[in-house]
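The block underneath contains the structure these notes are about, expressed in structure tokens.
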Ligand SMILES: Nc1ncnc2c1ncn2[C@@H]1O[C@H](COP(=O)(O)OP(=O)(O)OP(=O)(O)O)[C@@H](O)[C@H]1O
């Protein structure tokens, strides 16, 4: 158990934007869970060639933190509870994900937090009596600083024959939960300079509850997040020493010799010495980038990691050489027993050191952590809000562009292509935004759990009640504040929706107005030009098109009467083309939007009715049908004449424009006598024009409109036109009948006289 070798895992981080700007070519290929193949960039291919590396584990770009933890550290970390030291350190170039893998303190937690959770849970379940102390150090250009007590200055390291490594003046703080460790790390990070080695030490004092002697064993969990370069941008000197140590150990291993390892050459290697040579389980996480930009560093990292993975700790080497395992086991065991006895003595003398950090300081750390958490929540809520709104806007744009595309597809290829391009771009953007939104929503879904965890941590802390109460109230206050904030965001979204809706309404209103204008204009056009002129067809939305005469082929394409250029606001259209995303620009698509409706077909002369003139029949629904037919159809149909001559009071049939047909007005008293009629007829003043005019005076509409209706609709009842006195519409048959009647009357009179 004591003679475990060092384990090495390699983690490849995902490509980042900077990598992709240069190339998306991957220089690493994971061939199986333990093997990695390097693929050099083309220019180095001949010189370097591909190389295979083997490690304990290889994790590709999509491996999760959870995966890595479960495979590498989950069980190994529990060795601490058996009194065995555990060391975890990351190795790799800048930006390869060392801190991400080891130290991530929120959401996608790093290995450290996961390991601490595992430890605290196990202690809780197994009810082990363990006291833990936490220290946090930084090595900066060979100076060792205490991040929990920056007043201490450069700390000295010394080796104690009994106790091993001792760091003078290093602050050790009791911790009982992961959250407390997080608090301390966050506190320490504020003191830390960037790009340096961070070393965290968790010392465990384990009370052995098996057996009666209640011995205390001690184990150390050392976590080192190593910087690649120092402040000056040079490769870190301590890391160089570590590299030397690793190569020498590797060499010694291969040659099976007992080497001299220069641990003392740097503070980093002095601290890590036990991890390579003593009672320790060591896990090295080599972090590499897949990009060709970092190829050199990647190879260097892999080389050192491979050397390290071949190193058995010195104890084993020695044992292998001397082949006296039993004896050495005993030696190491005795050493540990002595050490434990010593510690026990110490403990009896002055019980475990009281926490240096007082309630007030600790509360401050909790407080900062609570504020950090809620700020994070607020940021994420704001991002969710932002993405939701952006998504609404993009959807709106896509719809608008799709409508535009439908409208001009097949008419203006260039514009259609540009709309298609815009739609495609927006759809991509929409997809990205939706992905982002899901990500944020996923993060937000954990807030509830995190809030509860915060509360629990406060409750479980060893703070006095008044401090606890203060922190619980602080959490509640922040929850309330956030709820108010969320309501405000929702209100804002509603308000923005309302504005968007209003804009759509405004556009639709303007479209309706435009349509009305077009209809009115076309009516006017028909009235002015009559049936002999084809209805003018207007250009499509493309205002550059000339006004064209609607041939059949064109009508097929443009099923609706086209609209005169001036209906389109050309400037607005051009502006719209230039800034297609603006939803404020007017949309001038009314006439074509009506495409689903039946196209407006101008009235053509009613040939059918003209044909029927000689034998008129009344349309079924025509109000005239109610009139006694003989009054209308017989030769006395001339009675209609006064209607179209002068006096409106004499009207018998009045065209009811509003009702859309003729109205029968029966006013027998007003019907002129035969004599009167005769006089009128004989006056011969009734040309077509005068008839028209007189007729129009009986109507309530404007002359221009009546004119058309006169021409087209007056034919419908037929009766008036059957009158021989309406020029151009004389019905010869009736004329003959009248003459015959008159002849009969004459003959009758003559016979009477006889
Ligand atoms: N596996 C990963 N998944 C997602 N993001 C990652 C991963 N690895 C690294 N990153 C991201 O890459 C960036 C650099 O990572 P990180 O700071 O951990 O690198 P580092 O090796 O510690 O760098 P340095 O030595 O300069 O401190 C960070 O933004 C981190 O979130």
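Just so it is clear, glycine is given a Cβ too, placed from its N, Cα and C backbone atoms.
TrEMBL: automatically predicted annotations, no manual curation.
What TrEMBL says about this protein:
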- 5-311: domain 'Kinesin motor' (DOMAIN)
- 92, 93, 94, 95, 96, 97, 98, 99: ATP binding site (BINDING)
- 326-353: coiled coil (COILED)
- 475-502: coiled coil (COILED)
- 597-628: region 'Disordered' (REGION)
Folded-back contacts onto the coiled coil (475-502), same chain, C-beta under 8 angstroms, at least six residues removed: 370-371, 374, 377-378, 381-382, 385, 388-389, 392, 396, 451, 454-455, 458, 583
Coarse DSSP state, helix versus strand versus coil, of residue 98 (ATP binding site): helix
Environment of 92, 93, 94, 95, 96, 97, 98, 99, the listed ATP site - residues of the same chain whose CB lies within 8 A of the CB centroid: 13, 90, 100, 228, 287, 289
Sequence-distant neighbours of residue 98 (ATP binding site) in its chain (C-beta under 8 A, six or more apart): 90, 91, 92, 225, 226, 285, 287
DSSP-derived class (H/G/I helix, E/B strand, else coil) of residue 93 (ATP binding site): coil
Sparsest-packed of the listed binding-site residues (94, 96, 99) - C-beta count within 10 angstroms: 94
Fewest Cβ neighbours within 10 Å, where candidates are the binding-site residues 92, 95: 95
PLDDT averaged over the residues of the coiled coil (475-502): 82
Chain-internal residues, separated by at least six, CB under 8 A from residue 93 (ATP binding site): 228, 287, 288, 289, 294, 297, 298, 300, 301
